[in-house]
Amino acid sequence: MVLTNPAEIRNPAAPPEITQGLSENVILTTLDDLYNWARLSSLWPLMYGTACCFIEFAALIGSRFDFDRFGLVPRCSPRQADLLITAGTVTMKMAPALVRLYEQMPEPKYVIAMGACTITGGMFSADSTTTVRGVDKLLPVDVYIPGCPPRPEAIIDAIVKLRKKVANDSIQERGKLLQTNRYYSTTHQMKPTAPLLTGEYLRSAARQAGPLPAAAGAAVAPQLPVTEKEGRDRA
C-alpha cells in the first residue's frame, strides 16, 4: 500500500491551478476588440473649418476641455487622419476640394458634421445658389452636431458617441454599417432668371460725372503737353 502526501492531493472539482495562473498573465480578446480599441483611442482629426463653428472647436485645445485625453491629435495631411470634422458653410466651389480631402484619407474613416451651416446650409441656404445644403450630399456623415455654433461640450459628446460607434465596428460587417440615409435638408432647385445687373443704372444721367471744375469749386490747371512718342508709350 502506497501512502500519498496530503499536500499533493488535488480536488478534481476545483478549477485547475494552471488556468488560474495563466488568467493573471494572459488577456483573452478578439481581433475586432483589439483593432477597435486601438482606433478609438487614437482618432486623428483633419479639421475643415470655414466659419465661426471652427472657433468653438479650437476651444477644445485649451486646458479647460483638453481633448488630448481622447487621443485626438490634429493632423495637417489627410493621409494621416481618420476623422474629418467639417465646421462651417460649404460652397459649390469648395465642394470638390472637400471631397478630394475625404478621398485621400485612409480607410476606415469617419466624418463629423458640426453646425447648422454644415448640416443644412444654415441661413446662407435661404437665398444663396452657391451654398451646399447639407454636407451629407457630398460625404457620408457619422455624427451630426446641431447648433449655431455648437458648444465645446456638444463636440465632446459627439466624440464620445463616435468612440462608441468605433467600438462596435466589425471588420467583416463594416460594409453593412455604411450610411443608408441622409439628414433631411432642402434640395437645390435652380431656376434661370434674367440678369439684374444690365448696366442701365450706371448709364443713367444721375450717375454721369459732371464738370470737374464745377464739382471741385476750383480752377483746373491746364494739362501738360504730351508728345506723340509719350502718348504711344502710355498706350
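Just so it is clear, glycine is given a Cβ too, placed from its N, Cα and C backbone atoms.
In sequence order, Gly88, Pro149 constitute the residues six or more apart from Cys52 ([4Fe-4S] cluster binding site) in its chain with CB-CB distances below 8 Å. Per Swiss-Prot, the feature [4Fe-4S] cluster binding site maps to Cys52, Cys53, Cys117, Cys148.
Here Swiss-Prot flags 216-226 as compositional bias 'Low complexity'.
Per Swiss-Prot, region 'Disordered' is recorded for 216-235.
Cβ proximity to the [4Fe-4S] cluster site centre (mean Cβ of Cys52, Cys53, Cys117, Cys148, cutoff 8 Å) flags the following additional same-chain residues: Ala51, Ala87, Gly88, Thr89, Met114, Gly115, Ala116, Thr118, Gly122, Gly147, Pro149. The number of other Cβ atoms within 10 Å of the Cβ belonging to Cys148 ([4Fe-4S] cluster binding site), over all protein chains shown, comes to 13.
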